Amino acid sequence: MKLWVEIHLIVLETPLSPRTMSNQTLVTEFILQGFSEHPEYHMLLFSCFLSLYSVALTGNILIILAITFNPGLHTPMYFFLFNLATMDIICTSSIMPKALEGLMSEESSISYGGCMAQLYFLTWSASSELLLLTVMAYDRYAAICHPLHYSTTMSKAFCSKLATGVWVLCAFNTAIHTGLMLRLNFCGSNVITHFFCEVPPLLLLSCSSTYVNSIMIVLADAFYGILNFLMTIVSYSFIISSILKMRTAEGKKKAFSTCSSHLIVVCMYYTAVFYAYISPVSSYSAEKSKLAGVLYTMLSPTLNPLIYTLRNKEVRAALRKLFSFSRN
């Protein structure tokens, strides 16, 4: 679950009575506000979003293919990168088709079921990415701080368990939050002030109590956001300390190059998430949330494969081999 640390007490209003709710029509579809307040930019945004989506899909699929068909990349670091690329595809594909459709139409609507499905897959992939980035930080810690025991510590079986644990834990957590969202009643306004279905604007539309949802969100934030971030910081503290103790400049450069790509991705992802969700409720801004949404659902999945490709000789060599094989 992404960082909703801005505790949503704003939506903990007194729920409507059953009699009052019976006099209102329950919402069966939502209107995605998207960027309707800036119609003059729709074509520009459509072109930018389509380009980002195309690059994100192409880049992540190429990384998956390169790792799959190159035995030299069957190592823990690239195994986790394979999972990260898969998560990026799910994340951006759960958002972009509907966002592009909304930019080409006067009004973008999404069914109640479609909204819940979009919420599930977005939350699943985004929370999985947060957890996987922590796992990847631990992998780099084991490789740099304990190189002699690395192959034993990060065995194939252990890596498979870590990856499976990430997917299953986040799927279970997301199912709980989606289930809690399904129990809410939406009988007032159906306009979501975003270009996709996200937890904060949906809770603001609920006409029933969101107390349980808010408590579960805070617990998820504490685990996925704060705890994972601290664990990543601790891992890199040990990594940097270990690199600084190395005697040769060449050794320091080689050690840092093995984790620099991951560090850039971590900084970029957490910056977007913190920008969006670490703020008091009174300062919640739909515009800020949309900008952050672009950063972590489109820009991050687009840049991740570029960062790992441009800064990694092994991945570049695997891609060249893949292209030469396809020509033959």
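Backbone N, Cα and C define each Cβ position, glycine as well.
TrEMBL does not curate its annotations; it predicts them automatically.
According to TrEMBL, the protein carries these features:
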type	residues	note
TRANSMEM	44-66	transmembrane segment
DOMAIN	59-308	domain 'G-protein coupled receptors family 1 profile'
TRANSMEM	78-97	transmembrane segment
TRANSMEM	117-138	transmembrane segment
TRANSMEM	158-176	transmembrane segment
TRANSMEM	222-244	transmembrane segment
TRANSMEM	256-278	transmembrane segment
TRANSMEM	290-310	transmembrane segment
Contact between the transmembrane segment (44-66) and the transmembrane segment (222-244) (3 or more Cβ pairs under 8 Å, separation 6+):
no
Based on Cβ pairs under 8 Å, which of the stretches 117-138, 158-176, 256-278, 290-310 lies most in contact with the transmembrane segment (222-244)?
117-138
Please figure out which one of 78-97, 117-138, 256-278, 290-310 racks up the most CB pairs under 8 Å against the transmembrane segment (158-176).
117-138
Who are the long-range neighbours of the transmembrane segment (117-138) in its own chain, taking Cβ under 8 Å and residues 6 or more past its ends?
1-2, 77, 80-81, 83-84, 87-88, 90-91, 94-95, 98, 110, 162-163, 166-167, 169-171, 173-175, 177-178, 181, 196-199, 202, 220, 224-225, 228, 231-232, 235-236, 262, 265-266, 269, 273, 296-297
Kindly state the mean pLDDT of the domain 'G-protein coupled receptors family 1 profile' (59-308) in the predicted structure.
88
